[in-house]
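Below: one structure, written as structure tokens.
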Amino acid sequence: MAKKTSLFECQHCGFTSPKWLGKCVQCNAWESFIELNQAQKEVLNTLKKPIPQAQKSVSIAAIEHEEVIKFSSTQSELDIVLGGGIAKGGLYLVGGSPGVGKSTLLLKVASGLAKNQQKVLYVSGEESLSQIKMRAIRLDCIEKELYLLNEINWPVIKANIESENYFACVIDSIQTLYSPEISSAPGSISQVREITFELMRLAKTRDIAIFIIGHITKEGSIAGPRVLEHMVDSVLYFEGDPSRELRILRSFKNRFGPTSEIGLFEMKEQGLVSAKEASSLFFSKEEPMEGSAITITLEGSRALILEIQALVSECSFGSPKRLANGFDTNRLNMLIALLEKKLEIPLNRHDVFINVSGGIKISEPACDLAVIASILSSFKNRKIDNKTAFLGEVSLNGRILEAPNLNARLKEMENYGFLKAILPKKPSQKTSIKCYEANAVGKIVEWM
């Protein structure tokens, strides 16, 4: 008689072990292992089996290839993020917090494609058909070629996709679907992994662009096994406060284009719309205030004008606070230490708070100079002209380094009527912006 083998799986990350573990060695989750039954083990073994290869290896120079066919999503900002549009046969995963606009955006994409006489299927496991139609009426998304399906049974959904010649498909959401062949609840690791694998095969074999909406965990990552993100061609993530109009779409993985671009949307009565004059969303045009400084950051090929806001106040307790929203806290601590060392400013007795307007997160060092200028402005209670921008990276020895692609930043300043720029070196090309050189942090204090 064959010996019975057991297999346990972590419900957080999908890690498998031949014995039960109190703590997952991969994701460090406690008491997350459950024993798989025979059917689940067969599915797992099927997924692990390599696809047999009949052909021999071929020289890469001898392989004939075709360019990836892309088509417009009808949403200009989404096309920018995807690198020029949706690829035929592409599998896209879209995540974001509840209410941020995932379903709204993809319903508008589906409607836009259907308007161009393309047959599109929208599968919802969360809303009834009448609820979806009410939302479609509000968003003006009623199209004859847009088909709705309210179903969570995966074999039924798969049969529907295979029975019709759909151009694209939207799954809302992957965590609500289940396959009867796997005896676990919808949204479990096994269910999500198997159904995503089937969707990947459908997308490639039938040349259908498929969008999957994914829920997120309380830590902010997409719920489900990590293999989910490896299976898909692109991972898109919505950022933004649901209570505000602005939404930012980022690409964390894209097999068909760059991952450095971002898309900017505004939530209006007619749903998510591509933001016009994007830079104007991130800075104030009102009278200048203490603690505010302007900078220009690059997100992919796009230059954005941002307002850095600082608040410096006397410390009420022994240990001062350093908090940043949209800016790296470790880099903020470094800049504060630099001001204390080089300029002898007693920030060790002050709380320092930094905020990047618009809710955007910046990581490029070229914004360092604006952060320092905003801190000095708040500390000295001096206003900075809101037609002046600060561009430059600050090194540990107090020197200011040139921001890359400076001409693109200055051109964006010209478009919005800015007059002056503080930077370490004057630009090589002519510009209407008056550029003032400051190659060290001490020069900023003199200028202020």
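Cβ coordinates are placed from backbone N, Cα and C, and glycine is handled just like the others.
Looking at 10-27, 28-45, 334-351, 352-369, the stretch flagged in Swiss-Prot as zinc finger turns out to be 10-27. The feature motif 'RadA KNRFG motif', as given by Swiss-Prot for the ranges 3-7, 203-207, 253-257, 383-387, sits at 253-257.
It is Pro98, among the binding-site residues Gly96, Pro98, Gly99, Gly101, whose Cβ has the fewest other Cβ atoms within 10 Å in the structure shown. Neighbour density at the Cβ, taken as the number of other Cβ atoms within 10 Å, is lowest among the binding-site residues Ser97, Ser103 for Ser97. According to DSSP, Gly96 (ATP binding site) is assigned to a strand segment.
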